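Asks: Can you read through this structure? Questions will come right after.
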Amino acid sequence: MPTFDDILEQIGEFNRFQKQTFFVLSLLSATFTPIYVGVVFFGFTPEHRCFSPGVAELSRRCGWSLAEQLNHTVPEWGGHGAAFGSRCRRYDVDWNATGLSCTDPLGSLAGNRSSVPLSPCQDGWLYDYPGTSLVTEFNLVCEDSWKLDLFQSSVNAGFFIGSINIGYIADRFGRKFCLLSTFLANVVCGILLVFVPSYLWIVIFRFLQGLVSKGCWTAGYILVTEVVGPQYRRTVGILYQTAFSVGLLVFDAIAYAIPHWRWLQLTVTLPSCFFLLLHWFLPESPRWLISQGKNDEAKKIVNDIAKKNRKKIPSHFEDTKFEDDDEGGKQSPSLIDLVRTPQMRKNTFILMYNWFTSSVLYQGLIMHMGLAGGNIYLDFLYSALVEFPAAFIIIVTIDRVGRRYPWAAANMVAGAACLVTALIPADIHWLKLIAACLGRMGITMAFEMVCFVNTELYPTYIRNLGVMVCSALCDVGGIVVPFIVYRLVEVWHELPLVVFTVLGLIAGGLVLLLPETKGRVLPETVEDVENFHRQSAPKDKKIYLHVQTSEVARD
């Protein structure tokens, strides 16, 4: 009985039909960017200080420059990186009082500036920013700065809960239905986010976006890898993730042109509505149809593929039924199987830690960059550009060098680069930026590699469950990383980078304890995994790719 891969060999593994599908789904991948890293611009925290009634009038009367005004009226003022007191405390002084000296107004009141009492910012804040962000609109600074952490954590909590449920929908009702329904829900939540007036409702709709958006992105990943032939599957998967990097560049340009967060949110959401019109160009996954026993529908799509690719289905395939090549699914998966035996247990814990670390470092470096004090738009651009050579290095090395050493090196480079970035003085911003970009490139490689190596270290019957459980730690990392960055930076601006260094170096060392999977047949049983490190690498690439087909069909 022929498999779907047998048919693709005859009608085209990556021809016009697959390229069209890949292009449409790449647009979807790019639209995920504002949801995943949007906090950098939506939640941008500009330099700020307490608003003190009467200061502006006194400054006009005395003819102060802005620098003189800040020096006379703001506690501990020192520009960027100023102490907590300069941003969250003000002098408890009536600036409208008569008799204040223009040369030393505080001295004329108390004789010594240090003896002037301080009070919280009772009348709000002034922000050195021409636009608006969540921070400036809702004053998410000082005692309320944790609310920005919650804003980003809420979307990752949605990722965590939604990925499991959306995965069930994709397996139960099909990839196309799952993709379009979740994408529609994401667009609706994105538009409502623009108009809700309160912080609480913004967090709620942000959570709902997370609930559907990651599942939508994942459904697109599954679909694009299920319509191509085995030899193109990994490359297409990496390029689909690279489309996310393209989305970073576009998002950066739009944020630069529109520095107001509500208008920015609307601008990046409305074009997504047009994606819904492209559903005519999206097929249902033939592999999913075959797994559900819907051979007639699968044959119809096969005929469409052949017609679009200008190929002819061989006559001996026309009247045959497809077989579901998921033979490993006869065993029932169990969570206990992930830790039952020594090698499985080691693989599971190392993969879980690497998913967690990849998420913390990737999102953390982006968030920390927004607090670095340089030009946020240029810094974001430069760090996004390094993701393209990261994808190229992966494509070049994984089938030549292997998985383990490039993956370990990527984690270690990311960790070391974070340490170097922390140690470089702030006044050498260009050098800090270069080091941070190296760290970003390293963790991008590590993130993309853990995605497919995870699938190669579990037996067929439990592969989908293994990926789901391990990758859940990615969302846990996304929940905690805002608190790591935004809280630790108040202790020492570079402290989050030191934490990232430790996490990255440990991850790199742990990867070296995993078996190399280059050129090896995917394991079918737990016994295969236990003997993995003693297996010789078989050379039959066709067998390897055929087994990979069943894995992707279930992801």
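Glycine too: its Cβ is placed from the backbone N, Cα and C atoms.
Okay, so TrEMBL annotates it like this:
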- 100-519: domain 'Major facilitator superfamily (MFS) profile' (DOMAIN)
- 21-44: transmembrane segment (TRANSMEM)
- 150-170: transmembrane segment (TRANSMEM)
- 177-196: transmembrane segment (TRANSMEM)
- 202-224: transmembrane segment (TRANSMEM)
- 236-257: transmembrane segment (TRANSMEM)
- 263-282: transmembrane segment (TRANSMEM)
- 350-370: transmembrane segment (TRANSMEM)
- 376-398: transmembrane segment (TRANSMEM)
- 405-424: transmembrane segment (TRANSMEM)
- 430-453: transmembrane segment (TRANSMEM)
- 465-489: transmembrane segment (TRANSMEM)
- 495-514: transmembrane segment (TRANSMEM)
Asks: When only pairs 6 or more apart in sequence are counted, do the transmembrane segment (350-370) and the transmembrane segment (21-44) reach 3 or more Cβ pairs under 8 Å?
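Replies: Contact confirmed: at least 3 Cβ pairs fall under 8 Å.
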Asks: Six or more residues beyond either end and a Cβ under 8 Å away: which residues meet both conditions relative to the transmembrane segment (236-257)?
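Replies: That would be 14, 18, 22, 25-27, 29-34, 36-38, 41, 220-221, 224-225, 228, 264, 267-268, 377, 380-381, 384-385, 387-388, 391, 394-395, 444, 448, 451-452.
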Asks: With the transmembrane segment (430-453) as the reference, find which of 177-196, 263-282, 376-398, 405-424 contributes the most Cβ pairs under 8 Å.
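Replies: If we count Cβ pairs closer than 8 Å to the transmembrane segment (430-453), 405-424 scores highest.
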Asks: Relative to the transmembrane segment (21-44), which of 150-170, 202-224, 376-398, 405-424 accounts for the most Cβ pairs at distances under 8 Å?
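Replies: Answer is 202-224, with the largest number of Cβ pairs below 8 Å.
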Asks: Report, as numbers and ranges, every residue of the chain located at least six residues beyond the transmembrane segment (263-282) whose Cβ falls under 8 Å of a Cβ in that stretch; write 'none' if there are none.
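Replies: For the transmembrane segment (263-282), the sequence-distant neighbours (Cβ-Cβ under 8 Å, at least 6 residues beyond its ends) are 20-21, 24-25, 27-28, 31, 34, 38, 41-42, 176, 179-180, 183-184, 186-187, 190-191, 193-194, 223, 251, 254-255.
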Asks: Hey, does the transmembrane segment (177-196) touch the transmembrane segment (405-424), meaning at least 3 C-beta pairs closer than 8 angstroms, sequence gap 6 or more?
Replies: no
Asks: Considering every residue in the domain 'Major facilitator superfamily (MFS) profile' (100-519), what is the mean pLDDT value?
Replies: 87
